[in-house]
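Below is one structure, written out as C-alpha cells; comments come after it.
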Amino acid sequence: MMPFSRRDLLDLLLMQDSIANIAKDVSGLMINRKMTLPNEIFDDMIELTDVCIKTSATALKAVNELDELLETAFGNRERKVVGSIINDINDLESKSDKIQHVIRAKLFPLEASLPPVDVIFYYRAVEWLGELADAAQKGELMEIIAQYGDVLLVLAVVFGLFMAWGVGANDVANAMGTSVGSGAITIKQAIIIAIIFEFAGAILAGGEVTATIRKGILDAAIFTDSPHLLVYGMLASLLSAGTWLMIASSLGWPVSTTHSIVGAIVGFGAVGVGVDAVAWGKVGNIAMSWVVSPILAGSIAFILFRSLQNLIIDTKHPFDNAKKYVPYYMFLVGFVISLVTIFKGLKHVGLSFDLGTSYLLAIGFGVLVALVGTIIIRRIQIDPNENENFHFTSMERIFSVLMIITAAAMAFAHGSNDVANAIGPLAAIYGVIESGGMIGAKSALPVWVLLVGGGGIVFGLVTYGHKVIATVGTGITQLTPSRGFAATLAAAATVVIASGTGLPVSTTQVLVGAVLGVGLARGLAALDTRVINKIFLSWLITLPAGAIMSIIFFFIIKSLFGA
C-alpha cells in the first residue's frame, strides 16, 4: 500500500516525459528548418533557452533532495535546502515568463520584414520554451504532493478533529442551549441526544460529495499550477478556525463555525495567494446573512411567543389551553424540522424531492408528530400542589415534551448539514492528495471523513460545551420550556426559509437571534444587555480573527514544507 496513489506516479512520469518531448520539439524545429534567429532577439532566445535548461536541472535537483528530506524527518537544515531550491525554481520560471514577453514585444515590429512561416515558428519556439519551464515547475510541485502526501493527510486529520471538536464545543452547544436552559432536559441528556442524533445526521445524511473548494469561496482555477498552496491553506484554515472556536468556547461566546471557516479561507486566499483567488460575491452573500438571519429568527420567535402568550400563557386556564393548542404547535415542529432535514440533509445522500413532494412529506410528518404528542400530553395531569388558579408548572411540563422533540430533530438537522461543512477543508485536502495534486471541481467524501467529523463534534460537546450552553440557555434571557420552544422553532423555520432561497446562514446567529426575540416579547427588562454586547462583539471579530490566524499559520506551514 503506497502512501500516495498510482496516479501520482503516472502524472509525474507524464510531466517528466513532457519536458523531454518539448526539448525534442524545440531542437527539431530549429535544426530541421535550419532557422537563423534575427539579431534583435538572438541574445534573448539564448538566455531563454539557458533559463529553461537551468529550471529543468534545478527541478531534478529538488526531486533528488526529497528522499533526503524524508529520511531526516524534515530536519531543519535539509528543509532549508529544499526550500531554497524551490525558491530558485520559482524565480527561474518567473524569469522565463519575463523573457518571453520581451521576445514577443521585439518580434512584433519585425513581422513585416520576416517570412510569415518563420514568424509563426519563432512564436512557436518561444511558446515551447516557456512550456518547458512551466512543466519543470509543475512536475516539481506534484512531486511535493506525492512525497509529502501521507504527512499532509495525517496533519489534515489531526487539524480536522481539532476543528470538529471546536464545532461540538461551540456550535452544537448553542444548538442545545435552549433545551437545557429551559429546563426541559439536563446537560447529560443533551449530550446523549447529541451523541445519537448529531452522529446519525453526520453519517446518514452528512453528504457523499463536497465541493473541493468549500462553498465556492475560492476559485479552483487559481490553484491549478500550485495545488500545494491549496493544501497548506486548508490546513491553516482548519487550525485557525479550530483555535478561534476553542478561544470563544472558553469565554462562553457562541460564535459561528461558518464565519470562522470563511474568515480563515478568505485570509489565506487573499494574502497568501492573491485577492483574485477569493470569490468576493460569495463572501458578500455570507456577510448579508449575518444581518438577515438573526433578525428574521428574532422576528419569528417574537411572533410565535406572542401567540403562546395570547392563546395559553396569559389566559385564565393555561393548562387546559396548553392541552388544546399545543398539538397544533407540535404539528409546526414536525413540519418545520422535517423540511430542514429534507432541504439540508437528504440531498447529501442522493434523495432529492421536488418542492410539492417535500411539503407533502413534511405535512405528513407534522401530523404524525401531532398525533403522538397528543397521546403523550393527555397523560400529563395537574400538579395537586399548584395554585389552582394558574397551573403554570403543569403547563410547562407539556412544553417540555415539545423541547425534547425539537432538541433531537435540531441535532439531526445540524449533523446532516454543519458537520459536513466543518470538515469541508479536510475533504478538499484529501481530494488534492488522492489525485496527486490535480485540482478538480468535486471530490468524493469518504465515510471515514464523516466519522472524524461526527466523533470530534461529540467529544467537543462532552468536554467543553457546557459554557456556551449556559450562555445561550440562561445568559441572554431566562428560558422556560415554552420560551425555549418558541426560540428553537423560530430558528428551525429560519433555516428552512434560508435553504429555500439559497442564503447561507449561521446556526449560531439564528438561535441567538431567536432567543433575543423571545426576550423582547417579554420586554426589554428581560434581556441581559451585558451578555448580548459580548455576543455581538464576538460576531464582529470572528471573521478577522480567523483570517489573521489563518494567514500566520499558512506562512508557517509553507515555510515548514519549503514551498
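Placed from the backbone N, Cα and C atoms, the Cβ positions cover glycine too.
Features reported for this protein in TrEMBL:
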type: TRANSMEM; residues: 148-167; note: transmembrane segment
type: TRANSMEM; residues: 229-248; note: transmembrane segment
type: TRANSMEM; residues: 260-280; note: transmembrane segment
type: TRANSMEM; residues: 286-305; note: transmembrane segment
type: TRANSMEM; residues: 326-346; note: transmembrane segment
type: TRANSMEM; residues: 358-377; note: transmembrane segment
type: TRANSMEM; residues: 398-416; note: transmembrane segment
type: TRANSMEM; residues: 445-464; note: transmembrane segment
type: TRANSMEM; residues: 485-503; note: transmembrane segment
type: TRANSMEM; residues: 509-527; note: transmembrane segment
type: TRANSMEM; residues: 539-561; note: transmembrane segment
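Among residues of the same chain six or more beyond the transmembrane segment (539-561), those with a C-beta under 8 A of the stretch's C-beta atoms are 74, 79, 83, 144, 148, 228-229, 232-233, 235-237, 239-241, 243-244, 248, 255-256, 259-268, 270-272, 290, 509. Across the candidate stretches 229-248, 286-305, 398-416, the maximum count of CB pairs under 8 A to the transmembrane segment (260-280) is reached by 229-248. Cβ atoms under 8 Å from those of the transmembrane segment (398-416) belong to residues 171-172, 175-176, 178-179, 182-185, 190, 193-194, 196-202, 204-206, 319, 322-323, 326, 329-330, 333-334, 337-338, 340-341, 344-346, 348, 369, 373, 376-377, 380, 454, 457, 480-482, 484-485, 488-489, 491-492, 495, 507 of the same chain, restricted to positions at least 6 beyond its ends.
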